[in-house]
């Protein structure tokens, strides 16, 4: 339903040449992808500092291994003040408290995600997104101020993380809903895979910023990403167009809806469902003008993918929050790396994530099976994580190679489920093909995943005190459980493609 009044953002009024007819629908689709990419990359950049400063705040214990080159001491262990840690995180229970800090942020983030998605379907998304970005930037900076104010009270850091997590929960439902407004079905997996690399790019930017200024004081590691978030938030407010209707364009989503209506006259509803949403099993249902929280849970495919993401995100966020700490406390070729080097080296993990998201999206488009693609990636990541734990410390080359491959395989399903799958499920024919329900569905899926994201770093903080082998065992078990939730959906996809005669050779030959 087109809007009666056009509603362009302020930046387009300042620069009328950016409006149609001077600029086409394709231009604005690309502009929306770029702005939302920057927006969510800044969200992830502002989440990265806690993992970078963990090795500075927490206790330092190198009793399990020692430096083999004494002349590296002055370079790798920069200052005694850094190695002393920061109360209240530098005591015997330091890693526990760091895990609790992650829990405070991620638990509120996951709970807030459900509410944010529900609100996001009912308010102006650009204003809501900017509200979340500015708030996140302010409280990220506030955490860093604890360094200059000399704060050593655990309650202060917990409170800041709780409020920051609430603001951060606004981001994902908003950007997914906005991108869903502008995107059609064709090549959705590949496009969303490319776009979802914002997660890894944001992690890389956050790691480089936080690590680069760490030697000047860990407070700077929070202030810079916080300022970046606020600046990008201003860009979003000025230039982000929420819907094609706001500029008088026809929505690509409406074309999908119209096609579904025409096809339903010509063929059975089962045929339409197979062609338009191959990964879903659906029954007869009236189109929903708006969708409630529990109604969204009952949509076909939502629950299995949500619980799969629970365990996938548990693994991804354990690495996000603990990998620099792990690298710092695990000798590579007998040498312990500095705080700064460990933080920068962890970016290799996120580089693998960029390729993993793109590759998973492309493969799922080619074989037209999101669940099958996810399961293959998940199962391949199990031996890769084992190899990383056993052989990653042999040499720098082995560490980098296995770290890159681990992230590629772990991030593939995570990226696919949070983007293409969420968009598929949120715009399926049972909700009339429109994106009104998209923020709610994406919030349910990513919110459930975020519960796992909250649990993983907390468990790692406790389990790591008993040895990192136990942490990796937890990660491998989580990946196995994630794959189990998709078996039924994958079986449905395989049967549908075999019945249609599209798998594998016909599908590949047609692309």
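Cβ atoms are placed via backbone N, Cα and C, with glycine included.
Segment annotation: TrEMBL labels transmembrane segment over residues 127-150 (candidates 79-102, 103-126, 127-150).
Counting Cβ pairs under 8 Å to the transmembrane segment (302-323), the top-ranked stretch among 25-43, 156-182, 397-417, 437-459, 471-490 is 437-459. Residues 279, 301, 304-305, 307-312, 314-315, 318, 322, 369, 371-372, 374-375, 378-379, 381-382, 385-386, 389, 410, 413, 452, 456, 459-460, 463-464 of the same chain, all 6+ positions outside the transmembrane segment (471-490), place their C-beta atoms under 8 angstroms from a C-beta of that stretch. Counting Cβ pairs under 8 Å to the transmembrane segment (343-364), the stretch among 156-182, 220-242, 397-417, 437-459 with the most such contacts is 397-417. Within the same chain, the transmembrane segment (437-459) stays apart from the transmembrane segment (25-43): fewer than three Cβ pairs sit under 8 Å, each pair at least 6 residues apart.
For the transmembrane segment (25-43), the partner stretch with the most Cβ pairs below 8 Å, chosen from 156-182, 220-242, 397-417, is 220-242. The average pLDDT the prediction assigns to the domain 'Major facilitator superfamily (MFS) profile' (34-494) is 82.
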